[in-house]
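Colleague: Right, I'll just put the structure down here and ask away after.
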Amino acid sequence: MKFEDLLLEIGGFGRFQILILAVLCLLRINLPMHFLLHNFLAATPSHHCAIPHQEAFVNLTMEEVLLISIPRKPDGTFSSCEMFSQPQFHLLLNSSLQPENKSIIQHCQHGWVYDHSQFISTISTQWDLVCEQRGLNQATATFFFIGVTMGAMVFGYLSDRFGRKTMLQVSLVCSVGFGMLSAASVSYTMLAITRTLTGVALSGLSLIVLPLGMEWVDVQHRTFTGILTSIFWSVGNMLLALAAYLVREWHWLLVAVTGPCLLSIICLWWVPESARWLIAKGKVKQAHRHLLRCARINGRKDFAVSPELFLYFLLSQTLTRMAADRNMGRNYSYISLFRTPVMRKISLCSGMVWFGVAFSYYGMSMNLTGFGLSIYVSQFVFGVIEIPAKMVMYVLVNRVGRRQSQAWTLILTGLCIGANVVIPKPFTSLRSVVAIMAKGFSEAAFTTVYLYTSELYPTILRQNGMGYTSFMARLGGALAPLMFLLDEVWRSLPEVTYCGVAVCSGAVAFLLPETLNLRLPEGIEDVE
């Protein structure tokens, strides 16, 4: 008798599972509000060097003041990072003239003036993270994802040891605390530290929500569960665009996106611990109590397994597995992911796939300009396009399988990103369509990888496996924003890098085993 057989006895997929998924989906909305917050938190508005003694030019218009004070770039726009050491009044007579003496051009000496028409304030305007300090601005996202990377390893291990629900509660409480501290930051250093810690805390939420939901549903509804929870990531994506549009000041924007975690803490009290995890840990009475509750809510009042019979079920299910696993080493850790041949292959390949998925996804999600749309509309449209992509994946993963879906969505993501490298900039409409297609394929790849990975690892190592793959994903997410700095080497180098990584990781996905319509493995020997 397997756990899936027990689930069928207590209703399979009934009102109890629907209520659990409803709460977990609400929790998942919190994630993109922080993971993609960098688009607005660190947005850099138009700016130019502050001009000293500007009051001396009262007889000149602002355009004329800029003309004599700021050099022009080859495209005719004013430089953001350079100024003339002395006013060039002769340019008023012929603005097309370019100074022959380059020594009169210098870096900004008196700070910057920013365009506040779109943002009241961002961290870029707060601490002048532009020009030579541009790297620090991009590093803010990297610090956050470094935190998520560290948290993935920590929460993956702890949730396998202390339970899914317990660590989910810890994750939410810490997210609220560090999120509010980020909003109160008085220096860039304080913001970098608190955003890193927020990333550590939110990684638990990212890591645990889907496996907890998957462990409460039957085989037939696993795909539906994965797609449903993923759709609420897209809902959070769209809500972020709305919140950023309404709140243009970065301190209050952080408060606005952190507040929903408080509601999530309250809702989580109703969600039970994973019965699969309780059985794997030998906590028979607690698992029995939760299963009886599930049967009652699902209307299966005839289900009344005694604790003694339930204990017999537990022993018959796990005795062989425990004996086999003891020969491999009874203390499960991340090392167990690489100890046996099949597990080793799965872990190496899934790690590379997760890196490629996250690297390309965040590379596109944090590049909202250059498509002829406002930053708010781009964010909203990128969120909207994810929903039909997930709907299509609901059909595809059940028709063509997990492996084919994972591989081809990644490869097509890379090809779309590569196409925009060769499409000329003036073709904004075409570039927007291709970018939206790339975003759709990328989200389809992300949706599939969460579902696929949950099915690849056995119950006793599932959270360790999710922790490891999440580590690889966050490594990709941490490196993705730094790729934008490569545009100083070659303008298209960031996009070419995202394209190459996506295609290569898609090819690696063909090496993973198919899991369509297979039972979730309980022990390592089930995988081997």
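Cβ atoms are placed via backbone N, Cα and C, with glycine included.
No curator has checked TrEMBL annotations; they are predicted automatically.
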Colleague: With TrEMBL as the source, which of 197-217, 407-427 is set down as transmembrane segment?
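Modeller: Per TrEMBL, the stretch marked transmembrane segment is 197-217.
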Colleague: Residues sitting near the transmembrane segment (139-158): Cβ under 8 Å, six or more positions beyond its termini, same chain?
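Modeller: Same-chain residues near the transmembrane segment (139-158) but 6 or more away: 34-35, 38, 41-42, 123, 129, 167, 171, 191-192, 195-204, 206-208, 333-334, 362, 366, 463-468, 470-471, 473-475, 477-482.
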Colleague: So which residues does the transmembrane segment (170-191) touch in its own chain, when a touch means Cβ under 8 Å and the partner is 6 or more beyond its ends?
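Modeller: Beyond its ends, the transmembrane segment (170-191) has Cβ neighbours at 27, 30, 34, 123, 127, 129, 136, 140, 155, 197-198, 200-205, 208, 251-252, 254-255, 257-258, 261-262, 264-265, 268.
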Colleague: Are there residues at least six beyond either end of the transmembrane segment (197-217) with Cβ under 8 Å to its Cβ atoms? List them, or say none.
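Modeller: Same-chain contacts beyond the ends: 7, 12-13, 16-17, 20-21, 24, 27-28, 30-31, 34-35, 143-152, 154-156, 159, 164-165, 167-168, 170-172, 174-175, 177-179, 181-182, 224-226, 229, 271-272, 274-277, 294, 450-451, 454, 459, 462-463, 466-467, 470, 474, 520.
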